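**Q** The feature domain 'TAP-C' is assigned by Swiss-Prot to 572-626, with sequence analysis given as support. According to Swiss-Prot, the omega-N-methylarginine annotation covers Arg42, on the basis of similarity to another entry. Annotation source Swiss-Prot lists 3'-nitrotyrosine at Tyr126. Annotation source Swiss-Prot lists repeat 'LRR 1' at 266-291. If you look up Swiss-Prot, you'll see 292-315 marked as repeat 'LRR 2'. Taken from Swiss-Prot, the feature repeat 'LRR 3' covers 316-350. The repeat 'LRR 4' annotation in Swiss-Prot covers 351-378. Summarising the annotation, Swiss-Prot assigns motif 'Nuclear localization signal' to 67-100. Summarising the annotation, Swiss-Prot assigns motif 'Nuclear export signal' to 83-110.
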Amino acid sequence: MADEGKSYSEHDDERVNFPQRKKKGRGPFRWKYGEGNRRSGRGGSGIRSSRLEEDDGDVAMSDAQDGPRVRYNPYTTRPNRRGDAWHDRDRIHVTVRRDRAPPERGGAGTSQDGTSKNWFKITIPYGRKYDKAWLLSMIQSKCSVPFTPIEFHYENTRAQFFVEDASTASALKAVNYKILDRENRRISIIINPSAPPHTILNELKPEQVEQLKLIMSKRYDGSQQALDLKGLRSDPDLVSQNIDVVLNRRSCMAATLRVIEENIPELLSLNLSHNRLYRLDDMSSIVQKVPNLKILNLSGNELKSERELDKIKGLKLEELWLDGNSLCDTFRDQSTYIRSVVACVSAIRERFPKLLRLDGHELPPPIAFDVEAPTTLPPCKGSYFGTENLKSLVLHFLQQYYAIYDSGDRQGLLDAYHDGACCSLSIPFIPQNPARSSLAEYFKDSRNVKKLKDPTLRFRLLKHTRLNVVAFLNELPKTQHDVNSFVVDISAQTSTLPCFSVNGVFKEVDGKSRDSLRAFTRTFIAVPASNSGLCIVNDELFVRNASSEEIQRAFAMPAPTPSSSPVPTLSPEQQEMLQAFSTQSGMNLEWSQKCLQDNNWDYTRSAQAFTHLKAKGEIPEVAFMK
């Protein structure tokens, strides 16, 4: 940047001074500058970014220096394409399209130090369905060299970013198909020579950022904590300095938000009207950088869908301006528009529940429960059995089943399953890397049909016949169940087919997750067995991590040691009292003795304690197993 042959460093008489800030977000927004000649400069020169990337042709990278080869893309509608036949049907395979006018030698660019660099676009087909942090960490774990993704973004269904040298691109090429997603599909990584990303081409120089700060200081009203950036590109001071600040460019928006974050994070009102914004992806960081923002003016821009507001929905806005955007044209008239957005279930109120004014119109007060006190859920009810006979049958079955299940050798469960039994396991959907989850031991067998769409895999994960079921159960981690935590519900019953579920907690007793507490729900469908017991025909097991409350309650009351008769050291009077208490309370001898001992063998006080605890539902079902 030059002005009559002078470099920027020669203009020492013009400075921008900031107040010293020990912590971000404190102090006024003040810039002090002296008088002097305005320096001139040119910002944003070079290739101007288009709104949508123009694509033409499908290419694949063989070596970093090779030219692009045309590859057949089964999803394209363009005729007269030649290429390879479709292969690897079980893999995600979508090719990447190159820019319509690639630079010579593909991807050459110039760094700030003047050296030439090769740029490459990295594309992950269907990458939008993956979390950014998980995706990049998985790629980095498989890549032989460390890399820095530049301008990571989602475009349609794809995830894309840039790297700046051929060796990194080659290393990323080697990661292709080496990562498995949560549905056991291999992730494709396509490498493409590319022009330098727009953030590099259009990045503001340090001296231009200083000028931007100066202009923004003039537009800031400290008394209202309001910043007016209306039509910023046409600001006379910026125009006179030949600085092109286009807020729909990622680099310019990032620079602007950085200035706000460093100087006025306490900002309450921001006017971004008439800046030709057509998407808000680059504004998403405003939620963290300006958390107190109450008023936002986006009028006179080019937003086409209210879905763009999802990018900033974390803001606690009270006033929003959207008129003059294409999204408003979908409503026939202003009254229809206002009626459509004031409803609690409307698109805008869903994103900004505290909104009071829209385009200057007062909205009805939001219907919301803005109460800091936590909502108390009703207490969970105890077990439900229907009849005493069924209760005795089910509790006896569960006692036998889990005694074998926790014994270390589950082969004894063969007698508990029907020859044609089936069994499945599910764990909740894990947004982060499943392999690093504490439930990793269960992940490979999880048949969560909400996330698992492949019918072949669904069928394979369903265990059929009692031999396969018990073999599968033997592979699961060894456990110890807290029988005192069990809550049993009989949801359906016929004379020959009871269906019941049991909820509770258990801990793993060996392996990497030893002593880890899990919560489970298990649903059994059974038929009568020849030994007057039950025989399982369907077994569904759901496992998750235990909540903090479940962890606190788990194994708090140790189960009594099973015994068929009272401890022989009891006196004849105590044994007589024990038999009477067991008969009247319905509890077995072990729990009856525990209740009497806890109350110093005072029969009346023991009866009162029993009645009180039973009314509160604090006596476990195991106490009534005889």
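Backbone N, Cα and C atoms are what each Cβ position is placed from, and that goes for glycine too.
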**Q** Can you tell me which parts of the same chain pack against the repeat 'LRR 1' (266-291), counting only residues 6+ beyond its ends and a CB-CB cutoff under 8 A?
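**A** 25, 51, 153, 224-233, 246-250, 253-254, 257, 260, 297-304, 308-309, 311-312, 314-316, 321, 324.
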**Q** Are there residues at least six beyond either end of the repeat 'LRR 2' (292-315) with Cβ under 8 Å to its Cβ atoms? List them, or say none.
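**A** Counting only partners 6 or more residues beyond its ends, the repeat 'LRR 2' (292-315) has Cβ contacts under 8 Å with 226, 230, 265-281, 283-284, 286, 321-327, 347-348, 351-352, 359.
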**Q** Roughly where does the motif 'Nuclear localization signal' (67-100) sit in mean pLDDT, to the nearest integer?
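**A** The predicted confidence over the motif 'Nuclear localization signal' (67-100), as a mean pLDDT, is 45.
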**Q** When a 10 Å sphere is centred on the Cβ of Tyr126 (3'-nitrotyrosine), how many other Cβ atoms does it contain?
**A** 17
**Q** In which DSSP state, out of helix, strand and coil, do we find Tyr126 (3'-nitrotyrosine)?
**A** coil
**Q** Per DSSP, what is the helix/strand/coil residue tally across the repeat 'LRR 1' (266-291)?
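**A** Result for the repeat 'LRR 1' (266-291), in helix, strand, coil order: 7 helix, 3 strand, 16 coil.
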**Q** Per DSSP, what is the helix/strand/coil residue tally across the repeat 'LRR 2' (292-315)?
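**A** Per-class counts: 7 helix, 3 strand, 14 coil.
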**Q** Within the domain 'TAP-C' (572-626), how many residues are helix, strand or coil going by DSSP?
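**A** Going by DSSP assignments, the domain 'TAP-C' (572-626) contains 41 helix, 0 strand, 14 coil.
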